[in-house]
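Trainee: I'd like to ask you about the structure that follows.
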Amino acid sequence: MLIAITGTPGVGKTTIAKLLAEKLGYEYVNLRDFALEKGCGREVDGEVEVEIDELAYFVEKELKDRNVVLDGHLSHLMPVDLVVVLRAHPRIIGERLRERGYSKEKIGENVEAELVDAILIEAIDEHENVIEVDTTNKTPEEIVEEIIGLIKSGVKRRVGIVDWSEVYDEIIPYLRLGGE
């Protein structure tokens with residue numbers, strides 16, 4: 001099974017993907033590194049620009065028949081069996097990105113993306129099998145156990161469990177000033 005772990009930057013994709021792969025006995029693949037290795041991604045100003053169709057070809061060709069947890073912001077655009085969209089309170093996203101040294105503009109963009117369900121909507125547009133998981137106030141172990149429980153119980157689609165519209169007023173500082 002090829003499982004994509006995706007979400008807004010700062011949501012905890014890598015931590016969860018590595019732990020999930022370990023618990024399931026699956027291979028862990030970082031999509032960014034995979035893209036660079038296959039020559040369909042290049043670094044520009046610290047970010048990797050990827051040719052999506054070319055990357056999807058390599059994912060299909062080399063990973064499709066293996067048990068893999070695919071970690072990456074664009075993993076929901078790849079040919080996978082299941083997409084897990086991690087969600088976190090937008091304030092948490094903003095704080096984590098500020099700690100990582102993101103610009104105010106990038107913090108605002110990513111907080112807004114989380115607020116309006118951008119990654120979830122993209123995942124639903126691409127795949128039938130999408131599971132949304134709210135990571136807010138949960139440990140990585142709790143999150144992974146929730147994901148494994150959903151997979152083992154046969155859940156293929158669980159979306160619409162997160163609604164940040166009620167916290168919009170609290171999030172305005174992150175949209176305007178990157179959290180300051």
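Note: Cβ is positioned from N, Cα and C throughout, glycine not excepted.
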Trainee: Per Swiss-Prot, what member of LYS38, LYS61, LYS64, LYS138 joins GLY10, GLY12, LYS13, THR14, THR15, ARG100 in binding ATP at one site?
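Mentor: Candidate listed by Swiss-Prot for the same site: LYS138.
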Trainee: Among the binding-site residues listed here, LYS13, ARG100, which has the most company in the form of other Cβ atoms within 10 Å of its Cβ?
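Mentor: In terms of Cβ crowding, the pick is LYS13.
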Trainee: Restricting to the region 'NMP' (30-50), report the mean pLDDT as a whole number.
Mentor: 88
Trainee: Does anything in the same chain, at least 6 positions from THR14 (ATP binding site), have a Cβ under 8 Å from its Cβ, and if so what?
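Mentor: For THR14 (ATP binding site), the qualifying residues are ASN30, ASP71.
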